[in-house]
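Okay, so here's the structure we're looking at.
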Amino acid sequence: MHLKESGILARIRELLPGGSGLVDDCGALPPTPSGQHLLVTTDLMESGQHFHLDWHPPDLLARKLLTVNLSDLDASGARPIGFTLTLALGPEITTPWLETFLGGLAAGAREASVQVIGGDTVGRPGGLGLGLTAFGFASRWLRRDGLQPGDRIYLDQRPGASLRGLRKLQAGQRWDPHQPDPDLAAHLDPRPNLGLGLNLASIPEVHACLDLSDGLSRDLRNLAQASGVSILLEGDWDEATLRGGEDYARCFGSSLPLGKLEAALGLPLLPVGRAMEQGASPLLVYDGTGTRALPDLGFDHFAHD
């Protein structure tokens, strides 16, 4: 069945939390509480570049679109309050596909207690373009630029599963909801530890945080450069961990020792390295005789090789 804008908007209003209020050209955010920050984040996802329609189930794709934005807010110490949705739909997108997509988005929004407050739809010659912008309030904005020399750097989960899942998909394996492969799940339907960022922001000795989206080597480099330090990567890390992306682990720096942090947060943490005074390279490793620069191995949206 051919999609029409009026029908698409009607289904969005019917299915999404907050959708019944989409009757004006503009949406409204609640007033920002005194002393808090209004944070905003946005992500674009393009078929053929960020996902493939023939292997990404529409409900999981919708959940992922929402989750990656909620992950950004959480890593910044923010509680989500609403989102806008943009859909650019090619003629191959059918009504059943869109219904399943919106159902997945609605389920994710209900789980996160967040509502749609606006958006836009448009047709296109082919493929699918998705955009989502999320808003949140933060009592303490946990930024990337607060890392201090001497801080230890931790993750709340081991990265690399998403890249393994992507490679399995590229090799022909497909998602089976009855026998879910954990690597495929990590790529198609990531479930970061949402809420951890709020807890991290409540600890004064946690100085900086981000979520791993572009691979450990790229994101540690970003953390170091934003903070004006160098980071010494410690431990053995395989190529999938260093190069992969879309893991959405909390990556943060703190002056507290591991035991105190784990006790405060109530979960095990994975030590990654430590911050040092800024040197010639933002990211270093120890090779047995001394430190050397680690090249940038992470994901680049504009790379063509």
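Heads up, the Cβ atoms here are built off N, Cα and C, so glycines get one too.
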> Among D189, D211, D214, which residue does TrEMBL annotate as binding Mg(2+) 3 together with D25, D72?
Replying inline: D211
>> If I restrict to non-local contacts, at least six residues apart, and a C-beta distance under 8 angstroms, what lies near T41 (Mg(2+) 4 binding site) in its own chain?
In response: N69, D72, L73, S76, T133, A134
> Given the ATP binding site residues G119, D120, R144, S213 in the record, what is the largest Cα to Cα distance, rounded to whole Å?
Replying inline: 31
>> Which binding-site residues are spatial neighbours of D214 (Mg(2+) 5 binding site) here, meaning Cα within 10 Å, out of D25, T42, D43, H50, G119, D120?
In response: none
> Would you say which of the binding-site residues D43, D120 has the most Cβ atoms within 10 Å of its own Cβ?
Replying inline: D43
> D72 (Mg(2+) 3 binding site) has how many other Cβ neighbours within 10 Å of its own Cβ?
Replying inline: 24
> C-alpha of D120 (Mg(2+) 1 binding site) to C-alpha of R144 (ATP binding site): distance in Å?
Replying inline: 31
